[in-house]
Protein chains: 2
Amino acid sequence: MPQFLNTADTDFESRFAAFLTTKREDAPDVDAAVAAIIADVRKRGDASVTELTERFDRLALTPDTLAFSEAEIDAECARVPEAERRALEQAAERIRAYHVRQMPEDAQWTDPEGAVLGWRWTPVAAAGLYVPGGLASYPSSVLMNAIPARVAGVERLVVTVPTPDGVVNPLVLLAARIAGVDTVYRIGGAQAIAALAYGTQTIAPVDKITGPGNAYVAAAKRRVFGKVGIDMIAGPSEILVIADADNDPDWIAVDLLSQAEHDESAQSILITPDAAFGQAVAEAVEKRLETLERRAIAGPSWRDFGAVITVRDLDEAAALSDRIAPEHLELCVADTDALSAKIRHAGAIFLGKWTPEAIGDYVGGPNHVLPTARSARFSSGLSVLDFLKRTTLARMSPGALAAIGPAAETLAKSESLEAHGLSVRARLDRLNEETS
Amino acid sequence: MPQFLNTADTDFESRFAAFLTTKREDAPDVDAAVAAIIADVRKRGDASVTELTERFDRLALTPDTLAFSEAEIDAECARVPEAERRALEQAAERIRAYHVRQMPEDAQWTDPEGAVLGWRWTPVAAAGLYVPGGLASYPSSVLMNAIPARVAGVERLVVTVPTPDGVVNPLVLLAARIAGVDTVYRIGGAQAIAALAYGTQTIAPVDKITGPGNAYVAAAKRRVFGKVGIDMIAGPSEILVIADADNDPDWIAVDLLSQAEHDESAQSILITPDAAFGQAVAEAVEKRLETLERRAIAGPSWRDFGAVITVRDLDEAAALSDRIAPEHLELCVADTDALSAKIRHAGAIFLGKWTPEAIGDYVGGPNHVLPTARSARFSSGLSVLDFLKRTTLARMSPGALAAIGPAAETLAKSESLEAHGLSVRARLDRLNEETS
C-alpha cells in the first residue's frame, strides 16, 4: 500500500522527512570492476572491447563489425512499421523546434573604461550517446539526446547500444538515423563508456558522453568525468501530481502509473487538498493495476514508494513539492499558472489536465532527460547547452589597462603572485613612458 | 629547459602528441581516506568536523565557533590596507557588471498545434564555496565564486576556508563580505565538503558546491556529486600565448611566468611564427627567473612543462591551440579578431598585447575559474548559469493533445510502456466523446 500522509496529522513532519530520505535503490558497488574494465580498454583498445562484448553480450565482434553498417541500418529501419516511423518523425520535429530556441546568444560590449568584453559559444566537436540495451532501449531517448547535440552543432555524433545475443531494437536505429547520428556501435556497459572517453583503434574518442545506463555505466561515467564531459547520473524516474478534486481519478491514476511502470524503484506521488479525491485515485490505481501489462513492476513501485499526501491548501502543496524537487510535476488544478509560479525546484512542469506527463516523454518538445533524486534543486534537464561551451573574451585598450591595471597589480601583490603583477606593471610602465 | 618544437621538424607530430599527453600531476589516491571522512561527518556531524579540524588544522573549535562571528570578521577586515580594499571593491564591481549580463531569459511561446511551451530559470537555494587555506587562499577566488552566485539570486551563500593554526587571510574575509557571503566557516578538506553536502547540527546543507581545493577536496567533490551539484574539478593552471615578432619578449615572458608561478605543475606555452622571437622570449624568461620571488615554483614549471612552438603561420597556431584547448589563451598578433575567429576550444581569450592574462585573474570582469587539462573542449568557465537551473514548461490544449497525442501513444506502445499510452488515450477518448 502506498503511504497516506496528511499535513494535518501531528506526526506529518517526521513521516514526510522519513519519506523524503527513503532509499529507493541499492546501487551495487561495481566501482572496482568498472575501474578494471576502463584500464583494460585503455590498454588494449578494440581487443578489450570485443572480448568484453563477447563475455557480457554473447556477441562476437571484430573491429570491422563494431559499428552497424549503413546496409544493416537500412535493413533494420525497413522493418519499422509506417505508423511508428511517422510518430518518430513527428516527435523529432517537435523536439528540434523546441531545442532550437535554446541556442544561446554570443555577446560583446565595450565598457565605460574602454575594455571590450564578451563571450561566445561553440559546440563540442564530438559527442557519444549511450543507449541501454534490452527492456530500456528507448528510441525516444535517442531523439532526446541526439537532437540537442545536432542543434548545438556537434560535428561527430555517435551512439553506443549493446545488442545482447545480437538482438537490436530497429526503432533505436531508425531514431538514430532520423536524429542524424553518424555511427552506431553495438557495444555497451563500462567498456562502451571507456571506448568513448579514451578511444580505441576503431572508435575515435569523444568530448562529451550523455545517456542513461545501469550501475556499471553510471560508475564508468563518474570515473571518466573530467577526461570528457558527462551529463547527470540518472536515477529511477519520479512523478509528482498536484491535483484538486476537479479531476477524473482514473486520469491521475494512469499518470502516476506511467512512472511507476518504468522501474520498481520509480516513485509516484499525489498531493491533493481533498483527502477523498486522494482515496479515489488510490482506488483507481489499484483497479488499473489489475490489468496493466507491467503490473509486476508498477505494483511494487506504487506500493513501496508511492504516496498520497493530503494538504490544507495549494500553498502547502507547492512548499512540499519544492522539498521533493520532482523530476516530473503535473499541475492539475484550476489556476495552474498561479500554482506554477510558486514552484521553484522541478525538472519539468506539465500544466493542466490535458498535459499528461507521457506527452513530455515523446512529443511535447522539451527534453525528457531530467534531474532525478531531488537534483532538480541544482540541475536542469538535458539541453542544447550541454553540447556547447562558452569562451570568455576580453580586450583592454591602453586606457582601460591604465584604469584597472593598478587594482590588478595591488591584488596580485596581496596574493604574493609577483609575476601576475609584473605582467601588468611592464605595460603600465610603457604607457607612462609614452605619455611623459 | 622548456621544450622547443617546430612544426617544420619531421618528428613534430610525435613530439607534440607526447607533449599533449604529458602527465603533470600525480594525483595521490586519497579516495578511501575521503570516503571514511565523509561517512564520519554524515554519522557524527559537528563532532566529526571539529575533531578532524583539530587533527588536520591544529585548531580547536566548538559548534559555536565553527563560523566566524560578525565581530571577528569586522576585526579582520579592519586590518586590510585601504589600497587593497579599494582594489577588491573595484574588482567586485567589474565582475558583477560582467556576470549580470549572463542572466538567461525565460521563454514561453505557443506552437502551431496550440501547445504552450517554454522554460524558466530559478536559482539554487543555497551554495557553498570552498576556499583553500594557506598559500592558495586567494581573495580573488572568493569574488569569482561568490559574485555569480549572488547575481543568480542564491539565497544562502556560505564559504568554508581552513585556517591552519588559526591563521586566516583577512582579505579572504573582506572579499566574502564585499561579495555578500552570509557565513564563513573555518573548516576545510574533505570534512568541509561533507558538511556542505550533508549538513551537520550547525551547518545547513547546501545544494551546490564550487571552488578549488587539494586532492582531498577534489575527491570529496567527486564523491558528493549527485547529492549536490559541483563545479568542475580544477587541475593546475595553464596559459598559451600566441605571439608574433612584433611584441616585447619580456612582456610575453612575464605573461608565461604569471601561470608558471602558480604551481610546479602549471604549464606555459608560447606559439610563434618566428623562431628567433621564441628564443628571445625563452631568454627573457630565464632573465626574469633570476629574480622572481616565486622562482622556486615558476622555474620547475617552465623547465618541466613549458614549451616554445614555432609554426609556419597563424592558421597552424590556431589548429595547435585547439588541440591544447588551453585554459587561458593570449593572442598577441596584429589581427587578433581574425585569429580569435579560428579558435574553438579555450576557456578565456585575452585579445591584444594590452591584455595580460593577469587582468582576467582579478579585474577584467570575466570569471577566472576556467576549464583546465583540455576540458575547454567540453566545458566552460564558472558563470551565473552554474547557480541556476531550468524548469521546462508544457501545456497542451485539447487541440494540441488531439494533434500530437496519437504519436505519443504509438511510441509508448512501441516501448512497451502501456500506462504511458493509457494516460494519453484516456484523454483522447474523452475528447472524442465530447466531439461526437
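Just so you know, glycine gets a Cβ as well, placed from its N, Cα and C.
Quantities reported herein were computed from a predicted structural model and do not represent experimental measurements.
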TrEMBL substrate site partner of A:SER237, A:GLN259, A:HIS262, A:ASP361, A:GLU415, A:HIS420, selected from A:HIS328, A:HIS345
A:HIS328
Given the recorded NAD(+) site (A:TYR130, A:GLN191, A:ASN214), which additional residues of the same chain have their Cβ within 8 Å of the Cβ centre, ordered by sequence?
A:PRO132, A:THR160, A:PRO162, A:GLY188, A:GLY189, A:ALA190, A:ALA192, A:ILE193, A:GLY213, A:TYR216, A:VAL217, A:ALA220
A correct count of other C-beta atoms within 10 Å of the C-beta of A:HIS262 (substrate binding site) gives 26
Counting other C-beta atoms within 10 angstroms, the emptiest spot among the binding-site residues A:GLN191, A:SER237, A:GLN259 is A:SER237
Which residues, sitting 6 or more apart from A:GLU415 (substrate binding site) on the same chain, put a CB under 8 Å from its CB?
none
Secondary structure of A:HIS328 (active site, proton acceptor) (DSSP, helix/strand/coil):
strand
Of A:GLU327, A:GLU415, A:HIS420, the recorded positions whose C-beta sits under 8 angstroms from some chain B C-beta are A:GLU415, A:HIS420
Determine, using Cα-Cα distances only, which of these recorded positions is closest to A:ASN214 (NAD(+) binding site): A:HIS262, A:HIS328, A:ASP361, A:HIS420.
A:HIS262
Identify, in sequence order, the residues in the chain of A:GLU327 (active site, proton acceptor) that are 6 or more apart from it along the sequence and have a CB within less than 8 Å of its CB; answer 'none' if there are none.
A:SER237, A:GLU238, A:ILE239, A:ALA346, A:GLY347, A:ALA348, A:LEU370, A:PRO371, A:THR372, A:ALA376
Of the recorded positions A:GLN259, A:HIS262, A:HIS328, A:HIS420, which sits closest to A:GLN191 (NAD(+) binding site) by Cα distance?
A:HIS262
Should A:HIS262 (substrate binding site) be counted as helix, strand, or coil on the basis of DSSP?
coil
